[in-house]
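S.K.: The active site annotation in Swiss-Prot covers R145, K176, H251, R254, H277 and rests on sequence analysis. Here Swiss-Prot flags Y286 as active site, O-(3'-phospho-DNA)-tyrosine intermediate, drawing on sequence analysis. The annotation domain 'Core-binding (CB)' is assigned in Swiss-Prot to 1-83. If you look up Swiss-Prot, you'll see 104-299 marked as domain 'Tyr recombinase'.
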Amino acid sequence: MGFIAQFLEMLLAERALSKNSILSYKRDLFDFQNYLAKHKLSELNITTENIRDWIEYLASNDLQARSINRKISTIKSYYEFLISENHTAFNPVLNVDLPKYQNKLPEILSIAQIKSLLEHCSQDNSPEGIRLNAMIHLLYASGLRVSELVSLKLADILTNKTSKGEVRKIFSVLGKGNKERVIVINEQAVISIAKYLTIRGVFVNKAKPRNLIYLFPSSALAGYMTRQNFAILLKSAALYAGLNPEYISPHILRHSFASHLLEGGADLRVIQELLGHADISTTQIYTHLQTNHLKKALLRHPLNKN
């Protein structure tokens, strides 16, 4: 077994990372190894200067600073693993400065734009339209990550009764780091999912038993709709709803969910829990977003001459 395979196996066993995180590590490592091979370098004998050259190479290929930093972090972790396994004694990434980047505020849709998108989707009564309507309603009602949305299982749908005896739908979601959280969804999302469940069988491929367990089954290898396919369908729906598809993505719906909750007075800690953020500082970016919107609103004040 090669060093990379050993490292990925360790990540899977000890850090409980998601499949997507493991794939990201794998891509970064193979890209790095391809660079080393191209420049006739050995991973066990490279210098810090070699690493700086590699970073310059990444930047020259128009890779954003955030992406470069992620790759550096991957390689640094990889060398820490190699040292722990006595394959090398030196981490060439240790004294490398990370490229600086601006922490951009997330893009969001207005409530009016969200309503326009949802109204358009609810008018399509084809099986594909009913499914997409359910997925978009659920995404905006929950703030799920797209990877969490598409991989939901039927068993993740739970029901529970309120103190008034009302039955409501909740979802048990396994997020990053295998951390479980519970999501309660609104009535519109419940209705759209109930409608979808009546036609879900259209998408079940009985020849592939694996897809039977998923809420949004498909013929894809994983057994459920891919993130990429959902993103394409979402952009198409946005176009027909009169919105610019360039500014629509599953992640923007997640940002919109969080921002609109904060705007409505929700506590930041509650939003952190709903989004599945491990650190409150990740959630705090939405407070900066709200401040930004307030500044723009004040600029429109009639007595503001600037």
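Glycine is treated like the rest: Cβ placed from N, Cα and C.
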S.K.: What whole-number Å value do you get for the CA-CA distance of H277 (active site) and R145 (active site)?
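M.R.: Each residue's Cα considered, H277 (active site) and R145 (active site) end up 11 Å apart.
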S.K.: Return only the integer: C-alpha distance in Å from R145 (active site) to R254 (active site).
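M.R.: Distance between the two Cα atoms comes out at 7 Å.
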S.K.: How does the domain 'Core-binding (CB)' (1-83) divide up by DSSP, counting helix, then strand, then coil residues?
M.R.: 64 helix, 0 strand, 19 coil
S.K.: For the active-site residues listed here (R145, H251, R254), which one has the lowest count of neighbouring CB atoms within 10 Å of its own CB?
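M.R.: Sparsest of the active-site residues R145, H251, R254 by Cβ contacts within 10 Å: H251.
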